[in-house]
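Reviewing the structure listed below.
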Amino acid sequence: MHPGSGNSTYCSSGTDPFFPLDQMDSPPPYEVPPLTVWGIALCVSGTLIATENAIVVTTILATPSLRAPVFLLLASLGLADLLAGVALVLHFLFLFCVEPSDWSELLTSGLLVTSLTASLCSLMGVALDRYLSLSHALTYGSSQSRHRAAILLLLVWLGACIIGAGPAMGWHCLDDPNSCSVARPLTRTYLSLLCGGFLLVVMVTLQLYVGICRVARRHAHAIATQRHFLPANQSYASKHGRGKGFSRLILVLSVFVGCWMPFSLWGLLGDASSPPLYTYATLVPAAGSSLLNPILYSLRNKDIRKVLLQACCPHRYTQNTHIHYPVDV
């Protein structure tokens, strides 16, 4: 307890007489920046991405009949996109709710790199699954195929986690701003290698879809040779189905290339002096891929839709144990 005179002096001056220098040198309190339209869009999009992908992942994992390789790949894709949504929400919180720090930047950037890497590799896995389901239809869906898919996903996530841990392990530009890339705190070397890997995965995925088109063309030719044995209405249905399949393939490829190519090229060509607007303009489509993937891949699958409809309206829909193993996602 301080003496009366000292106490009155302390109260009147508002400073601690025992530690005057500490209070004089203390930094001013952090002021949270005002909420912007970009911040609202960041929070809303992250929440939507996390919610819809959480529904997909929960649906697949909670349904024992959905254990074919394609469903394992879709669950991996949903989990990766779920993490991307969480990373966007965390970025919003660190920008507009709490004081940002170096570790918060490293956390959000590492989580985004991990999720986007796993998402892109899962998309390549879906394309590989489509190709194998057409070229090896007799053995598709076997226990050996599920085992190989599980090993593939384990390697994908192990690699994605190692790549995403790069910034936290010291591969960042917080101590050397001159080495920063268009996406701080990632260094230009790190982002160039990352985007180069993204472009490689995109090229391999497109090559797989070219192979899918070739296999589908052979199947269509085999069907055409037997067309005179089919009724007229069945022949029309076959043509109509192939037309819808081709249009869906064009849609999937257009979204895939449109989402991933801009940021992959910009990460290779830009540097720290480039306008941030260009970085946002190319990074938004890549993050938007996580919003579109459940619609283009998971929710288009008949079996996943059936499980969701049964959960929403159990009195109207009864679950069918038949699973469409040939990929229609």
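Numbers here mean position along the shown chain, with the first residue as 1.
Any Cβ shown, glycine's included, is placed from N, Cα and C.
Predicted automatically and left uncurated, TrEMBL annotations should be read as such.
From a predicted model like this one, the values you see are computed outputs, not experimental measurements.
Database features, via TrEMBL:
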- 52-297: domain 'G-protein coupled receptors family 1 profile' (DOMAIN)
- 37-63: transmembrane segment (TRANSMEM)
- 70-94: transmembrane segment (TRANSMEM)
- 106-128: transmembrane segment (TRANSMEM)
- 149-170: transmembrane segment (TRANSMEM)
- 190-210: transmembrane segment (TRANSMEM)
- 249-268: transmembrane segment (TRANSMEM)
- 280-299: transmembrane segment (TRANSMEM)
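Through the fold, the transmembrane segment (249-268) approaches residues 120, 123, 181-183, 191-192, 194-196, 198-199, 202, 205-206, 209, 212-213, 278-279, 281-283, 285-286, 288-289, 292, 296-297 of its own chain, all at least 6 residues removed from its boundaries and within a Cβ separation under 8 Å. Counting C-beta pairs under 8 angstroms (sequence separation of 6 or more), the transmembrane segment (149-170) reaches the transmembrane segment (70-94) with 3 or more such pairs.
At the 8 Å Cβ threshold, with sequence separation of at least 6, the transmembrane segment (37-63) comes into contact with the transmembrane segment (280-299) through 3 or more pairs. The list of residues near the transmembrane segment (190-210) in space but at least 6 beyond its ends in sequence, with Cβ under 8 angstroms from a Cβ of it, reads 113, 117, 120-121, 123-124, 127-128, 130-131, 163, 166-167, 171-172, 181-183, 249, 253, 256-257, 260-261, 263-268.
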